[in-house]
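Asker: Got a structure here, written out as structure tokens. Questions coming.
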Ligand SMILES: Nc1ncnc2c1ncn2[C@@H]1O[C@H](COP(=O)(O)OP(=O)(O)OP(=O)(O)O)[C@@H](O)[C@H]1O
Ligand SMILES: [Mg+2]
């Protein structure tokens, strides 16, 4: 180990490649992991005072949307029984419904959050929200306005002006309400956007949009929590069943939870402690999921790039130190000792780099929190917390990845003969070893197999499989690159073979094939990954573009405008019937199937797949459970392409349902929360939205890999050229001017970049072909392969520029001042 | 010097060929040689005669194609790379013509390297004493780049001697040095033989250097063709060499 330390100290330059690679890799992994681990599901702040939450049973269809509801009656009965338990101070059902504030004729706030913004007044107790003025709602059309804004920022224009205006001398009647009484000043940050602080108009009314349409509610009071609170009866009428029941308790919540379990039995799931966090709203879960995809991809690429760069720089530095290692062998180092020394050096470097890189990543992570929230990759209020596991994990990963990277070089170094100490120049007699052939071909075969298997893989795993295949192919290309370097150099150098530069470049590269391979490897990775990522997105974008437009005829559609869906009024204003989509659970015998159905006509129609699943045919009777928890027996009228249930039943059992969009047959009538757009534009907007997210992903991933590997390009070339200083000195002694030496190294560097770019491009195109095959299989139609020439050219030029700078620098540094 | 039982190194019908077929070169051709403990042998011969090959094979740095090398009673032919390295570490010292030192390590660290590689801690003062013996007291903390060629060569000799090997091989140790530095190195080697009964085998082109040895072996075309006592003097040695070159040219 002392020898390893001395080596590292003395030749830090030749370890700089490894250091930089591990530093960056660990920083990326630590930062991404910290972001990822900080993004945990969390029960809404609305339930902060309810340590025990109960949800209806899970039908076990594996789909979250099939989580059942209790009917209002079931929920009431259950809460009565639970309220009698010892230690339970209140058992409160929490029905919710869609309410969105309208300001100046336009809906405001986040549409997804608005889906759960309407509450029963009694549920305010679950978050310990208190009336800050006025009285509780009691009659239909009365509302208590939430005044809390999200992320803990104090509401700017709250009750002060507005409230006073509508409660002149109004007695707060808190005694009548189930409103909470306990104080809870410290409130956790809430996820999700709020419509903004409640602001009553001077007349004491507020304009809102619900599933029925625009409404004007009378404000009777304000509360220090977010949302809209209506009377319990109103809430029950508007909500599609009850999906959560909360208990406020005194004493040990765990004991209460156990007692509740006995009472609830199979009628629900009792959640306490961390299990409560499963109640995170779906909208938030989805946002976090998207963010997680990006972070996982970042970690994967970061780890891969580290292995890749470390292995090529280690191979390079081992080759450069051939004489030194030979000397060690001659002096009495066994092959094992040489190998262990290489491992020791790398471990040392990786540890130092990791211990510096991990804090760098951890420091950078919180800076990314805001941009991620803004771009919809993390929910509002997302903050990065200190994650020791991310720190330690990244350092350990960096260590292992670096050791994995040095394995091949260490093995090769241990076979160096003591007599190598006597050989002046480390000419590579054998650029391809059997092991290199075997591993290279195996990687290539595995990558090709993975690509070929892509169409048969499940959709979710395809993108990872594509990336994995590309990584295997890139490794294979890097390993087999010496095979290509020799003929390529011969061909390229041919026209100049009679000039001194031509001869020097040719011989310099042909005797240093391994060196060229090592320096070309980062270029290969940079170009390969960039082209693959950009090409995949471009190909898919083109494919989906065709796909989505193909589905719609010409004309206009009415689409939600700042809302999660179209209200009933918006649809009826057009003279159409709402096309409500609802989630139902249909069972026949012991088979159950959850499905999304549209309310249409007045008979139950099943689609073929569901019918087959249930084993149902026309005339059979099935049990259908609606969104509000009510079960009904219906006769299957027929089996067709699409499922539908009677429209009246959907309206009745899913009062909170919204219409997705409406194809217009005539000029649209203007309504709040909806706008009419040409179908084509609508589709493009959808694609655009998706495209923006994908572009963001792309930018992050390409930025990471290209930036990372580009640093490695510069680094390895700097290393390689610096080690050849004596060679250049000899060239100068032989009469070459600095200009000539520069020309030789520049041409060599460009040749190296050329080799890397060609191989990288090749790998990317092969992988792209695989991706295209998978997409074609998915949409059942031929699509064109898009090669992103712009990105390819840009990244190649970037690499070339870096390479020239990195090679010229050491040459100029050793140049005598007078030449 | 006379026979003392086990020789420090013995070569029996040692043959080393490089390459195969048309391009095969026989660098050593059935060489028999014994190097007795406490003797100083010089090996001479024209360029390409196989001197370095002989030294490398005798030192266990290279393997024979045929025949046998016995170092301090141990036949090395069947040893594994690891076992051979260990044998070399404890019984053999080697000084190359140049590039003997690990640039990253100080003079003292370079000297202590074989001991450390053997997992032994050098006795306190041993390294300093060794460096003082080669006239480099006070240079312990200098790195090779801060030492002259002759000083580097002396550090290399100190390193080769520190483990008290059964035999020290030196391949043109004075080849890259000026006359004064060369003479200092030769005195050092002679002193090791006289005071510590060190066995030394040295390749040299310099008849003066060869004259400091007890015995001079002459090599031509991979074969030992003659032998003189070192006391024969530089002139006779030079003559013999000229003769050897003549034979090679005549063939
Ligand atoms: N690794 C090798 N591969 C092929 N041939 C070799 C190799 N090493 C030595 N030879 C050949 O073996 C023969 C003996 O070489 P050797 O280095 O032992 O000569 P030498 O006597 O030390 O010469 P010099 O005085 O020039 O150092 C020469 O013909 C040389 O070309
Ligand atoms: Mg020689």
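If you go along the chain as it appears here, the first residue is 1 and each next one adds 1.
Yeah, the Cβs are placed from backbone N, Cα and C, and that goes for glycine too.
Any TrEMBL annotation is an automated prediction that lacks curation.
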Asker: May I ask you to indicate which of A:389-410, A:411-432, A:499-520 is given in TrEMBL as transmembrane segment?
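Answerer: In TrEMBL, residues A:389-410 carry the label transmembrane segment.
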Asker: Among the residue ranges A:668-695, A:696-723, I'd like the one that TrEMBL describes as transmembrane segment.
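Answerer: Checked against TrEMBL: transmembrane segment maps to A:696-723.
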Asker: Go through the chain and flag residues at least 6 beyond the ends of the transmembrane segment (A:437-457) whose CB is under 8 A from any CB in it; none is fine as an answer.
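Answerer: Counting only partners 6 or more residues beyond its ends, the transmembrane segment (A:437-457) has Cβ contacts under 8 Å with 465-466, 468-473, 475-477, 479-480, 766-767, 769-771, 773-774, 777-778.
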Asker: Top stretch among A:294-319, A:347-369, A:389-410, A:469-493, A:749-771 for CB pairs under 8 A with the transmembrane segment (A:783-809)?
Answerer: A:749-771
Asker: For the transmembrane segment (A:294-319), could you work out the same-chain residues 6 or more beyond its ends whose Cβ comes under 8 Å from its Cβ atoms?
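Answerer: Sequence-distant neighbours of the transmembrane segment (A:294-319): 11, 14-15, 17-18, 21-22, 24-26, 28-29, 32-33, 35-36, 325, 342, 346, 350, 377, 397-398, 401-402, 404-410, 412-413, 426, 428, 464, 467, 471, 474-475, 478, 514-515, 517-519, 521-522, 525, 529, 697, 700-701, 704-705, 708-709, 712, 715-716, 719-720.
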Asker: Mind checking which residues of the chain, 6+ beyond the ends of the transmembrane segment (A:389-410), have their Cβ under 8 Å from one of its Cβ atoms?
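Answerer: Result: 18, 21-22, 25-27, 29-30, 33-34, 36-37, 303, 306-311, 314-315, 317-318, 338-339, 342-343, 346-347, 349-351, 353-355, 357-359, 361-362, 435.
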Asker: Between the transmembrane segment (A:749-771) and the transmembrane segment (A:12-37), are there at least three Cβ pairs closer than 8 Å, leaving out pairs fewer than 6 positions apart?
Answerer: no
